[in-house]
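Visitor: As annotated in Swiss-Prot:
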- Asp133: active site, proton acceptor (ACT_SITE)
- Leu20, Gly21, His22, Gly23, Ser24, Phe25, Gly26, Thr27, Val28, Lys43: ATP binding site (BINDING)
- 14-262: domain 'Protein kinase' (DOMAIN)
- 274-314: domain 'UBA' (DOMAIN)
Amino acid sequence: MASNSKKKDVGSQYKVLFTLGHGSFGTVKLACHLKTKALVAIKMVELSKKNIRGIRAEIATLEKLQHPNIICLFQVLVTSKHINIVTEYIPGGNLFDIIKEDGPMHEEEARRIFGQVVSAVKYCHNQDIVHQDIKAQNILRDEEGNVKIIDFGLAIRCRSGTLLKRQCGTKSCFAPELVLQEPYDGKKADVWSLGVLLYFITTGYYPFRGSTMKEMEEKIATGTYDIPTHVSGQLENLIHQILTVPPEMRPSIEDIERHPWVKKTEVNNPTVTDPDYNIIEMLCGMGFDANEILESLQRKKYNESMGAYLILKAQVDKGLEHTSIISAKPVDQCPTPPPSPPAHPSISSLLLKRRASEPNFSLLHIQPSGEHRPVSLALPGHKVARSASMPPIALHYPEKKSNSSSFALHSGAVAAPSVGNSILEDELPVPPDQEYDMGACFGSTYTKQCDMETPSPPQKISRFKRMSKRIRACLAQLCCIPRAPKTKKKHTSSNKIAP
């Protein structure tokens, strides 16, 4: 990072608007980039020795990932007290909130959305990166209806032939091998989480539910769930294939992409291209130096110059003309933010600290083959799910290639290595070898609070928030800015199945 980065604070480059989310590990703010007037999300993490290693690992992962369905890193700004990670702002909300408000998706829409998620996960797995916390809260939908995966706080680099031992992620999305505390293949665990996600977006609730944590874990370990009758045969087949208890029989991400139900997303893998000199010319008109911009891009500094370039490039990639990006916005005016802070638990979870707030219920080791399993009565309007020992339903599903490679037991996860020219190498001291309190599978077990049942509708807005919302609305009217139309929420029961 440029040597002058410490001399500048966030306020010199961004106008912070309000908080999107917060937690014990950091706070995510909605902000306006002063030079380009673009809205961004800034995650502010306290600069401390226990956080440095985790932040370095996560930033290195974000640097490595460039995919249209993965959150884009713009800049890393280090101040005397905080590390500020600037990413693109996705205003459409997360899939969890969307499903809770609008109900489950129609299959055609779910095919498109799930295909994009599969494409992004495949891109990560091809680089030996596993996410480890795939869930609806960590998938945002943009204004065009496309989705992006966020929150790579638990993402790790897994060498081929490595088994992981540390438990991390969200309990309701745990694979059986994690519940049983067995060494596991990170990619196969990601695949299981994709199955939970697919079930949720097409039914509106989780496949494994129980009145207690132990009951939920027992259902996960035995693969006990039911399928609503409205689910098509191909979708049912795909869910059964993914939620296969033995990990060695579980399909790979490539197998899932080839399934006839999945709508494959054609993505041109981004390649190193020459800088857009039209963007550089625009930045020079804002006071940036062309040579510094080129050097920052070449060395991947993710400093102020590179951040401004990436922010403008993101706007151009969305179809905005070079000349209209700046000319349509007065120099001293940022876009009007939403009338009230949007509910963005997924953004707030971006790199937020995991909490070890859930007890580990010890379960007997349940062999997935042949042993008697507890009987699960089907609810009215539901199909009885196949057990882990039942053969998969054949619906032109390609044979899964057997993986004969042996796995070496690994004592822990391998963190994504920092890039040689990482922006933090010259900015932050490297602490002595120690476990950092981030939940990146290096220390004790870290899990996010799981959703055992479909949560109840949000509580009523407080008087202060209502007053704040009215003030924002009045200001919007005074500025002659039309308010965004309200979307009517549909309060559906957690057990109600859409026809």
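Glycine is no exception: its Cβ is also placed from the backbone N, Cα and C atoms.
Show me how these features fit into the structure around them.
Guide: In the three-state DSSP reading, Gly26 (ATP binding site) counts as strand.
Model confidence over the domain 'UBA' (274-314) is summarised by a mean pLDDT of 95.
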Visitor: For the domain 'UBA' (274-314), what does DSSP give as the number of helix, strand and coil residues?
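Guide: Helix/strand/coil tally for the domain 'UBA' (274-314): 30 helix, 0 strand, 11 coil.
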Visitor: For the C-alpha pair, I'd like the distance in angstrom between Gly26 (ATP binding site) and Asp133 (active site, proton acceptor), rounded off.
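Guide: Given the Cα positions, Gly26 (ATP binding site) is 18 Å from Asp133 (active site, proton acceptor).
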Visitor: What three-state class does DSSP give Leu20 (ATP binding site)?
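Guide: In three-state terms, Leu20 (ATP binding site) counts as strand.
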Visitor: Near Gly26 (ATP binding site), how many other Cβ atoms are within 10 Å of its Cβ?
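Guide: Total other Cβ atoms inside 10 Å, all chains included: 25.
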